[in-house]
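Copied over from TrEMBL, here are the features:
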{"type": "TRANSMEM", "residues": "20-37", "note": "transmembrane segment"}
{"type": "TRANSMEM", "residues": "78-97", "note": "transmembrane segment"}
{"type": "TRANSMEM", "residues": "118-147", "note": "transmembrane segment"}
{"type": "TRANSMEM", "residues": "175-203", "note": "transmembrane segment"}
{"type": "TRANSMEM", "residues": "215-234", "note": "transmembrane segment"}
{"type": "TRANSMEM", "residues": "254-273", "note": "transmembrane segment"}
Amino acid sequence: MHDILILLRIELKRLFKSKLFYVSLFIGLALSVGGFIECAKPHLNITNGFNGGVETYPFSVFNSWMGMFMGLKPISTSYLYIFMLLAALPYCGFFCRDNKNQYILQYYSRMSKNKIHAARFIATFISGGLVTMLPLLLNLCATMMFIPALKPSGNGLFIHSGAYIMGNLFCEHPLIYVLIYVLQFFIYGGSFALVSLAVSFFIDNTFLVIISPFVTYYGLGIISTLCKSVMNIYSFNPMALLSPATKLQDGMLFAYICEPIIICVICGIIFFMKGKNNEAL
């Protein structure tokens, strides 16, 4: 375990020295600021439109941060569409490049492959998760600085209580609901980033390896749409599962929880099994 931690520290240093990490983070933060201007700025006057009637309610953080407008407004929705590419850019090409230039052999000569691959696996997951989660946290914190965290009302301006997955949680403990979705972005960003490790043994083109998480993300969405229309099954489209504004049906709970786990397991099996015989490409 100590050796894995040493290797993980080395890999995270490489991540934080990567220019693409800061490029991805900058793009994500720019979209976060844009989302604040798009969603929160019109709500800064929290009593605008509130007349005391049951059909009105002051603006709250929980219907003003960008997550609640994914699928509704362009900047917020664009983050949902491109965040997987941002997750893949900083670190997903490292293993493929290290194989191609034989740099990975320097690691193999000093430590067991399983430890090296475990450190790469964890670092890839962390890199994908961080880049996707930080912009959302910034937007949420910025919105909290200007708009009060009023408890949601059941007047139709918020998600209806009890009608959808975690509907009651949103009405009773809205901050927990929001943080669960922020955490889901970290988990999904990290798990899909692992796709790059699995495909790196089959593709020696670094560019294709880097975009493989993005392609998988979109591919699952297309497959989900086809399955829903042909077999009438519940959607497992990751875009729908990740949007806090989407009213998830009970039948989507399995996909919501298990989809990133299944991706991690499949990618882990491929990566560690193929990695046993890896002597650089």
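Placement of Cβ uses the backbone N, Cα and C atoms for every residue, glycine included.
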Worksheet item: Counting Cβ pairs under 8 Å to the transmembrane segment (20-37), which of 118-147, 175-203, 254-273 comes out on top?
Response: 118-147
Practice prompt. Select the range from 118-147, 215-234, 254-273 that forms the most Cβ-Cβ pairs under 8 Å with the transmembrane segment (175-203).
Written response: 118-147
